[in-house]
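Pulled from Swiss-Prot, these are the features on record:
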- Gly118, Thr119, His120, Gly121, Lys122, Thr123, Thr124: ATP binding site (BINDING)
Amino acid sequence: MMEFNERPFHFIGIGGIGMSALAYILAKKGLRVSGSDLRPNRLTEQLAELGVQIFIGQSAANLERYPFTPLPQVICSSAIRSDNPEYLAAQHLGCPIFHRSDVLAALMHRSQSIAVAGTHGKTTTSSMIAYLLLQAGLDPTIIVGGEVAAWQGNARVGQSRYLVAEADESDGSLRKFHPHIGVITNIELDHPDHYNSLEEVVATFQQFADQAEIVIACADCPNIRDRLHHPRLLTYSLQRQAAVDYCVDHIQYTAEGTTARVWERGTSLGILQLNVLGAHNLQNALAVIAVGRYLGIDFATIAAALLEFRGARRRFEERGQVNGIRFIDDYAHHPSEIMATLEAARLQVGTQTPWQRIVAVFQPHRYSRTQTLLKAFGQCFTAADHVIFTDIYSAGEPDPGTISGADVATCARQYHASVDYCPTLEAVQTRLAHLLQPGDLVIFLGAGNLNQLIPSVMADQEQFSVSSLTEAIAL
């Protein structure tokens, strides 16, 4: 059994977005925390400032020479392989070993928890809910899968019993959670490394729903509408219909955001304005409204909080503008996410804006996902004017030798007239140096390391701008 007392917590892979959030919460609660990762990053540096002992590198020595007593309970994610030397040392030393989902489940059990699940939209929706509870004075503890400026990170410790958490389905650990409120944004086939079929995915979400006291779910998703059941189910939709609890009409999507009138069971609540773009974010906002109204928060407070919300890091995050080119970083790595992101971007391109062309750069994530969803990946870039595909980011998967980024590009050429395949990040940088022009909105898409290229591409454009200015002065 997990102990929340004198026994320390040691996280193998503490620099990950999910692991670091849990480590932060435990450290802020006054528990002794340590962890290791292969290299330092911004998250490990923040944890070190809290007094968390950080080991760089993963080796048996981290536990064999552990600085605290007693030996820790060791926390791993699904990314940690069974042959990891630190994991093997934990087994040899008899350390209690838990999955990161066990820590989150234990924290939920001690709280009035709101868990946000879904194939897409988890981070934005959970961040929106957390921001609403903050603005409503409910002082929640927050654990999300992205960094949010409002609480300067991916986690926050509040003083109330409320906990807002993002609940990951990728490895099936969603089945461990028993939240007070379970939010399900959508259900689609993903993570084929874990799930063999859509039916398995639906079954996992159904068990999560069964274990929640109340479920709030999107009726626009066929797999929710037709397959999900719960005796206390609140639904929301972008379509005005009597069968749902929350819906909208008079929707206006613009380059600045979205406006809509919100309905609650046939009664108009008022007008909602959002600064985040696209239909998918309006859906996310409806989930937030349903949660807020269930908690007794008035619509004016909800609408004000949603208007102020500016998004999470790597969710259509603007990285800057150089030489008349706008750079966007987005985590989208599933076809539905990519399509939603590009459709939102399309709202900002045209005669009424400075932006005239969308250039999408996509790094496929995992061989298993790419192979399973190949046709959908080929079809989801129609809202872009030009697309560049890199080779696949493995995320630790072995290369099966049956799928590559070139296959994605070949598939995309059946549906798109302007496609490049640049296998390496260096090749992408070279191609963009010749391709980009003032008026471009370039979006870097994927869950791998593609976004690390953005500063270099921006620096190239800075250099081009300086060179052009120098030539103009010389003339």
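Cβ atoms here come from the backbone N, Cα and C positions, even for glycine.
Taking a C-beta cut-off of under 8 Å and a sequence gap of six or more, Thr123 (ATP binding site) has these contacts in its own chain: Val144, Gly145, Gly146, Glu166, Ala312, Arg315, Tyr331.
For Thr119 (ATP binding site), the count of additional Cβ atoms within 10 Å of its Cβ stands at 22 [all protein chains shown]. DSSP assigns Thr119 (ATP binding site) to coil in the three-state reduction, placing it in neither a helix nor a strand.
Listed in chain order, the residues near the ATP site other than Gly118, Thr119, His120, Gly121, Lys122, Thr123, Thr124 are Val116, Thr125, Thr185, Asn186, Asn284, each with its Cβ within 8 Å of the site Cβ centroid.
Sorting the binding-site residues His120, Lys122 by the number of other Cβ atoms within 10 Å puts Lys122 first.
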